[in-house]
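**Q** Just passing along the structure, written as structure tokens.
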């Protein structure tokens with residue numbers, strides 16, 4: 001699943017390519033994603049102009065004329081593909097947004113876990129009302145993180161992946177951030193010291209920033225709308241490295257399951 005860095009990259013690309021463009025039409029080839037696509041989507045947004053594009057957590061948000069909000073989530077395998085001119089449609093091209101300059105954005109999702117819905121401004125506020133803090137905000141620091149975690153009895157990795165606490169951090173970046181902070185994913189979130197929270201908040205920001213600079217992590221499905229892939233996977237310390245030597249201490253990387261998810265860490269480096 002694309003996490004914060006990948007969604008940030010896609011949002012920035014779309015901001016550069018389709019902001020201020022007029023939508024000439026929407027073609028829906030498959031209405032039945034995990035949340036059904038808004039039925040009258042073409043009627044609602046055809047002829048309208050995209051005023052802004054932003055990210056909230058792992059969601060891509062298009063602000064359109066008349067307080068219309070197109071909300072997109074890529075699910076497990078979704079992509080937004082930028083195309084010029086007529087394109088042969090592929091099997092999993094579920095939604096095609098066409099623009100007046102003969103370009104288009106194609107929502108392609110083999111596993112159909114993605115989401116494309118229309119909201120108004122009030123619905124947008126309600127939709128994101130219980131989302132947690134954005135990691136790149138100034139407010140997100142050691143003091144904030146310690147206060148956030150002080151009553152959380154779950155393991156720290158699960159806490160980092162809880163969208164109601166902190167948005168955008170999935171399995172990859174939780175594992176990598178914890179390694180950089182030298183904190184074991186087995187630790188109880190509420191037991192972290194202030195210094196550990198300070199270090200963790202810093203390393204979360206550093207890890208996410210480094211991933212964005214590297215174009216994201218391409219393991220299976222992720223690609224930028226241009227078709228370019230990411231390279232941050234080449235910088236992983238622990239994720240996907242089971243039975244391989246730690247880059248820091250040469251100890252073997254361990255794989256366990258936490259809440260049904262794979263967790264990779266170094267027993268020697270992370271305490």
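Glycine residues also receive a Cβ, built from the backbone N, Cα and C atoms like all the rest.
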**Q** Name the residue range among 202-236, 237-271 that Swiss-Prot annotates as zinc finger.
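**A** Checking Swiss-Prot against the ranges 202-236, 237-271, the zinc finger one is 237-271.
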**Q** Which residues does residue 261 (active site, proton donor) neighbour through Cβ under 8 Å, counting only same-chain ones at least six apart?
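**A** Set apart from residue 261 (active site, proton donor) by at least 6 residues yet with Cβ under 8 Å, we have 161, 171.
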**Q** Could you break down the residues of the zinc finger (237-271) into DSSP helix, strand and coil, giving a count for each?
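**A** DSSP composition of the zinc finger (237-271): 0 helix, 12 strand, 23 coil.
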**Q** Under 8 Å between C-beta atoms and at least six apart in sequence, can you list the same-chain neighbours of residue 2 (active site, schiff-base intermediate with DNA), or say none if there are none?
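**A** Non-local contacts for residue 2 (active site, schiff-base intermediate with DNA): 10, 58, 74, 78, 216, 222.
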**Q** Other than its own, how many Cβ atoms are within 10 Å of the Cβ belonging to residue 152 (DNA binding site)?
**A** 17
**Q** By the count of other Cβ atoms within 10 Å, pick out the sparsest of the recorded positions 58, 92, 111.
**A** 111
